[in-house]
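Chemist: Per Swiss-Prot, transmembrane segment is recorded for 11-31, 516-536, 547-567, 569-589, 615-635, 651-671, 763-783, 795-815, 817-837, 878-898, 900-920, 923-943 (among others), and the stated evidence type is sequence analysis.
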Amino acid sequence: MGLKKRVSFDWLLKIGIILVLAFLGLFGIIFGSYKLLNDSRLGVVFNGSTTTTVYFLNHKSKDANKELDPTQKKDGNGSGNNTEMITDVNGFLNNIEKSYANSLYAQGFSSVNITKNSHDTSAKELSDKGVFDSSWLVNDGLPSISVTFEQRREEARTRARKRQIDAQVKRNALSAIEHNYKLSLETTDGIVLFDSFDKEFIRNSLTAVVPQTTNTNSALTFEYKLSKNVITKESLHNDFLDFIKSKSLTDSDYNTGNGQKSVEGSGKWFKDKANGSAQNGNKTLVLWKDKEGAVQYVRNIFNVPKGGTDYLTFNEREKNLWDFLHAEGNFSSGDNLFLQKNNNGNSPITKASDITLKNIYYIYAAPTHFSQVATKDNNNKDAADVVAVANSADTRKLRSGDATGFSGLFSNYILAEIRTEDPVAKNGDPVKVNATLQSFLDSNNQRLEHGGNIKFQVANFVNNDGSYVPASYLEASRVKVLLSNGFPETATIAAANTKLVNAPLSNTLARDVSNFASSFIALGVIILLATIALGIRYKLLGLYKALALALSAISSLAFFSAVGGVVDVFSFVGIFFVVAVNIINLITLAELFLRNIKNNASIVESWKLCLKRSFFTMIETHICWLLSALVVIYLSNYQVQQLGTLMAVSAITSYFLNYGLGVILVWLFVSSHSGLEWRFFLYKKDAQALTKTSSNYSILTENNDIQTDFFISKNQHDFFGKKKWSLLFIWLTVLAFGVVMLGLYLGAPQLLGNFLAADIESSTGIMLGVGVISLLYLLYSLPRYGVAYGISYLIALILLAAGLFGAMYLANFIFRIDQSTIQLIIFVYLFWLFFQARIGQTTIWTYCYWFKRSLKDRVFVKNLFNDNVNSQWRLDLIGSSVLILLFIVYAAFNFGGINGTINLVIFYLIAIVALFSVFVNGLPLFSFGLINGWLSPYNYVQIHITLRHKKQMFKEVDQIEEQLISGINSF
């Protein structure tokens, strides 16, 4: 065994490359981990769920310019009726479902699940409480959407604090749900110039501008089609001003009064002339992104009783808003910016319905009045009050604009404010366009690409302190997603109600360690345990593989985060499956290497055969993985789409890093002189085969000789015995069950339970991703591996369907946990990926190793397949247990409830993974190789096989002789 040690350039080069790759791998692991732990786009990891039921009016307005108000009595059925029924309620709810699925992701929420009810009678309870007028009820019910999601939640150490946190979580959920994103350009008193439902608005023109290399700023652009056919660069602004004039704004605050005339005077919000005595209006337009949401948010703040649990959850800004609305605290004085009290000394706002779409802007700010001319003369007696408006912030004076001012809350609802005109030198002079309108309608940026004839640009967004800041690409993209996924035009929220679903999870390490950090630590522990196990079992080979495994896992998460993915519970569940698949692939290659060694192959030859027998199968597996992920990305929404993105990234990193880097490292070392030293790879008992010589063998003619002499290592189980044929009946029964379950899912999925993801499209995306790629692989396998293999795969796939849907049904029946935290349809996709990877592993271990050569030489198939099953059961056992062990480690770091209680969600997760593992790793995979043998075209029931008694020279390592060596198929 001894080898002469010598240093050569080849040795130095290969060892040097190994060290460089290992260093780069370690650097990638450390740097990737650092980036992840400091990433701002971290989602929530099992941190508590809320369910919010939103009730919608099943009426719509006949006039597109008039909104329905659920707090007011519905119009009667006479000629003055302005409402009509929504006929397709289910289609209406489907559109809202899709809107929530995408917009909540853009807001940063995790684990969203959505259910619909076309006639929810629980709406009557809210109507009886006066939340909305009962005249809107239809048969004592309304259509509703129930949305469950997770959000960040801090720890509560006292019972009182827990109540406050519960209230805060519920209120945050309500605020998030009651958004109705719609782009709307309006006057300050609510007259709509156009909105995103206008037929002339080019909806698909919403674009987040990619920053130039010399500038990091972005912008939001969109196109509109004015009635004028030709708009030139020179006439651009005047044409838009003509468009404004066509809207009949004579009595609007835009043209008349002091800028807020509509809310001033006796019995109104502000005292007369609180905004000055100018008479030319304010010439200000407001670009809203969610005006209805702003109204609902302010109404909710107003309705909270002072000193109650909800009030205690207010931040300083919200407390200031509450004080302003009730004319209390610092807002009780007679300041012109504050509300004027009525005769009883109370706020003029007496009920939430007083806050409307027409007056909501004036809670936010007092518009700067407009002066016709810029100098004081006989034509402009108020010219001394002229205020220069150089930017959007100058268009108004915030009601509360300090560091804790409530006006900053409106940054969630207002995009921009635009002053259209500047004062002229004297009456009669041409209109002078304000700088904010010039920015909004940039004459140098009128490249029209979507069918409009005018292009608007918002380069600065309202910040959370009320100031204006340049738009970042991330924020512009987020706003674009929100506006592109608004409610249908006919949607009006009547009411909403929120409840907590389950106690949130905390970590088990320390109070100051976040849920994400503890989950990431769990991932690190998993990789460490895998490294130790691989290193002990496979020595240097295992350490190389462990490095590739760690780099692949961290790179998958890091790249996923870099492309905009939110690292949350779905990401960790997905990455654990990726790690499990990669571990199985590594173990398969390592065991195949040892198998070749035991078969009298040299170390170099053994590794060559490993590559030869695994290369194309690995490509096939990862291509299926990647293509299915792309289908899911294209057809799904929200976190299911994100999971598809993670799987697509992982397919690439797993092949090139987990498989590719591991192969390169081992090959470089094996091909060096040091690699010829067996002690780096093998224990003494495994290395004994390196000194054995091939024995003389022959294939005898008698069946008894074949059974007694050829297969010296007796099979522990005979799966083809007469008594075992009863198993065929069981398999056929399960096969029929799989067909039935598939039929039920396609025809009546509600009978199987609530297995859908956040929305129907996502569930459809998963099923198409699984079904289409499985069919393509089946068609591919027929010419590559033969009909027997293809039929075996098809049967195993149907058995898998029985297992997956059966596991979903049992999990739903046994645990009945909230689907928001664990969506079972997600596990259908993940376990299909796991199944597909195991098919590849089985193909490497059996078909590529045994079938081709053995069947070619007409080996007795009965004994061959018995030996296959007996040789693979340990790999099957490892494959079945790896996932369960991974989630047990995950649970060890994430089982403690914030309030000192144990949350069972994480243990349900372990049980569900175990349940799915049994169904996926049991019958489908077990039967795959066995059925392949049954369907073999060779007659294995004949009594005698006639072959020549001669020694055959094979071009590669003999795959039959290994059965002469005791213990070759064990490890």
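From the backbone N, Cα and C atoms, a Cβ is placed for every residue, glycine too.
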Chemist: Can you see whether the transmembrane segment (569-589) and the transmembrane segment (795-815) are touching - at least 3 CB pairs under 8 angstroms, only pairs 6 or more apart in sequence?
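Modeler: These two stretches do not touch.
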Chemist: Considering only the recorded stretches 516-536, 615-635, 651-671, 763-783, state which has the highest number of Cβ pairs under 8 Å to the transmembrane segment (547-567).
Modeler: 651-671
Chemist: Among 516-536, 615-635, 651-671, 795-815, which stretch has the highest count of C-beta pairs below 8 Å with the transmembrane segment (763-783)?
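Modeler: Ranked by Cβ pairs under 8 Å, first place goes to 615-635.
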Chemist: At least three Cβ pairs under 8 Å linking the transmembrane segment (615-635) and the transmembrane segment (516-536), pairs spaced 6 or more in sequence?
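Modeler: Between the transmembrane segment (516-536) and the transmembrane segment (615-635), which are separate recorded stretches, there is no contact, as judged by 3 or more close Cβ pairs.
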